[in-house]
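Pulled from TrEMBL, these are the features on record:
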type: DOMAIN; residues: B:19-205; note: domain 'Class II aldolase/adducin N-terminal'
type: BINDING; residues: B:HIS105, B:HIS107; note: Zn(2+) binding site
Protein chains: 4
Amino acid sequence: MSEGHNAVVADPAWAAAAEAIVRAGRRMDQRGWVPATAGNISVRLADGRIALTRSGGHKGFLNADDVIEVDLQGRPQREGDRPSAETLLHCQIYGNFPAAGAVLHGHSVAATVLSMATKASALYLADYEVQKVFEGQTTHAARVTVPVFDNDQDIAHLSRSVALYLDDMKAGYIIRGHGVYVWGPTMDVALARLEGLEFLLACELERVKLGVPTRIAEERL
Amino acid sequence: MSEGHNAVVADPAWAAAAEAIVRAGRRMDQRGWVPATAGNISVRLADGRIALTRSGGHKGFLNADDVIEVDLQGRPQREGDRPSAETLLHCQIYGNFPAAGAVLHGHSVAATVLSMATKASALYLADYEVQKVFEGQTTHAARVTVPVFDNDQDIAHLSRSVALYLDDMKAGYIIRGHGVYVWGPTMDVALARLEGLEFLLACELERVKLGVPTRIAEERL
Amino acid sequence: MSEGHNAVVADPAWAAAAEAIVRAGRRMDQRGWVPATAGNISVRLADGRIALTRSGGHKGFLNADDVIEVDLQGRPQREGDRPSAETLLHCQIYGNFPAAGAVLHGHSVAATVLSMATKASALYLADYEVQKVFEGQTTHAARVTVPVFDNDQDIAHLSRSVALYLDDMKAGYIIRGHGVYVWGPTMDVALARLEGLEFLLACELERVKLGVPTRIAEERL
Amino acid sequence: MSEGHNAVVADPAWAAAAEAIVRAGRRMDQRGWVPATAGNISVRLADGRIALTRSGGHKGFLNADDVIEVDLQGRPQREGDRPSAETLLHCQIYGNFPAAGAVLHGHSVAATVLSMATKASALYLADYEVQKVFEGQTTHAARVTVPVFDNDQDIAHLSRSVALYLDDMKAGYIIRGHGVYVWGPTMDVALARLEGLEFLLACELERVKLGVPTRIAEERL
């Protein structure tokens, strides 16, 4: 069993991961994306360990002690540690994408409201320059589909729905009335994609208020 | 008569309560929830003393001197201290809930506008993940009723209206055109619930702008 | 001729006034009320001197050198100093209200948009708890009229229009497509009233978006 | 070949330019105008060198190393440096306006959404006091045309469209679904004009939501 987060001095890689998580939480809080105790944040270290926020607590005021270690099955590596209920969704991303190094989950007003404005299983983004921040995108003249899954307190069940579409998500996914999941090879890239997605959802919400219909994709893929 | 706030060095519990209030005020100000001299904040200490913001003054720029002691009837414990006009609403919560350790009252645009958009005596929240931050809530698939009381400059009269419904408030209550009251066992929990409620009211306000009708509960309970 | 702002060490009253102006500018900038080089800020000292922001420059990044002295007619007291074009509106308030100690002029999205949404010569505020921050107000159950004047690059002409209504302004006034003027006995009170007015204009703007008609007063008084 | 940014101690003019860019990025980020890796920022030094943000990276967290030197044709002056894809648009402004000392490009929700709300080739601003921040404007009683160009990943092609109208832009220009370009003789003036333009676009967006039609100019000039 790892002693990771108890040995910061002796474990600079863990300390760096914890620090990246603390800073990401502060940033997400400044943007209003982690209200109350919402959201969770993780990093995968080069050696495969996963550093993840503990269950509960405000993500804008984290310190290194609020970051715990889990394995790829989401099991805490130290007795008594309680990971977030949504740990499985983080681990699913790491399991599916060998290059994923950081996962962010936040709750914004725009993501919440837009996903509740339709029963559709996907939204799409198009014609925005900022789309280029997403995986493999080189032009605004494209359509990026963002799957929307119904919220479910049974995370194992939710993760099975997500699994079917995971390979084709350029910009992450949305859980209806709940929030977004975004990832990247590094925390900086994951944060840039989160900001890009939230910016575009904020634009879409304004456009719906101007009378433009919600842009619904026929299918998730 | 207590000397509480005059003897910070000798009274670490009081100093901690005052510090929690100062920090909560700063946070509420950053979110725009204590405009002008609006809002008030209190903490109940383990020994039963109640620390509360003085009448007037900006809640975003408090210092320990702005926090005074009142008893459970709202009487200031030092001559010359003038507690907020709404002290009684704080004391009512402490009197009713032995576990309540902190009470927050803020004024947001969303709470103000939504409560004025209807004459109904309650709103409800449903289908939001963030509902789980409220007392006893474990799923988004539930309905949380938030009572709305007409504003009244006679606080004793207002408190009698509140009294009738106090036992069934999961998420606090709203005074129409005025603001919200939220509480919790600790300041951290109270702040998390305040952020949760304000986030959800902000979502509801956006949804009303998208054409979703204000979600009115038939009755307060 | 005064040496006021050149002799800060020897003139603590001037230094305090300049510092109050610098801090007010920073606060207004945080709220987004002094975009570009908009807005201006003044303080009247106990000895009658008026400290006012220099013409141009960003009000969120002031330092003591950006504050100059003018007399009650708006004349700069040091050769070469160029006061704001709207100095006359500040001086008019000081001339009319012996108790006025600070004047704030800001430009917000809400004040700009609401005042352009009607040709009326006044808006009114009613049913809001926050109204109690204004001069002489003790209840939400009242109507506070806020005069709206057409913008005019001829400030002397504009000030003559304002003069006719100055005695009955509880909450300051609005210049259409331009911004608000608010004052108080001290900078703290002036800032509280500015925050109160801007909060209520933000509420009104949201209400208009919900379909509530702009609340227009039949007359300015 | 210049060693500019490698020799900060020996090159105070370069250090000052880099610092101005770093601070402008931080400011734009606080306002939400450089989401993800969006936006770019440049300064022309007195000796004609152009300091510009490197491609990629978040503009809210720049340091001096993120600023590189390009010539008036946009060619990096140090091997291996990769300037932003939109370097040509910066250089075009410097080439066309001998007095231009700073160029800012940001992405805001308002600029993005308003420019996508119409197919028109220009918007106009009128009746706003804040218009006076733009080149040569002395009154609100005027009409300032803001050209809108269709987005194009071929920047050379886009720059040729811009070239035709560059001499008549008082307030910069907008690329549809993308963002704004604004400039000025100094960074302070460029930032003030950016804030002015973004404030007015935010006002226009609110007005469209209130039912005022988007204010479309018949022609770009």
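Any Cβ shown, glycine's included, is placed from N, Cα and C.
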List of residues, in chain order, with Cβ under 8 A from that of B:HIS107 (Zn(2+) binding site) and at least 6 apart: B:TRP33, B:VAL34, B:PRO35, B:ALA38, B:GLY39, B:HIS178, B:GLY179
Cβ neighbour count (within 10 Å, all chains shown) around B:HIS105 (Zn(2+) binding site): 28
Reported mean pLDDT - the domain 'Class II aldolase/adducin N-terminal' (B:19-205): 97
For B:HIS105 (Zn(2+) binding site), the three-state class that DSSP assigns: strand
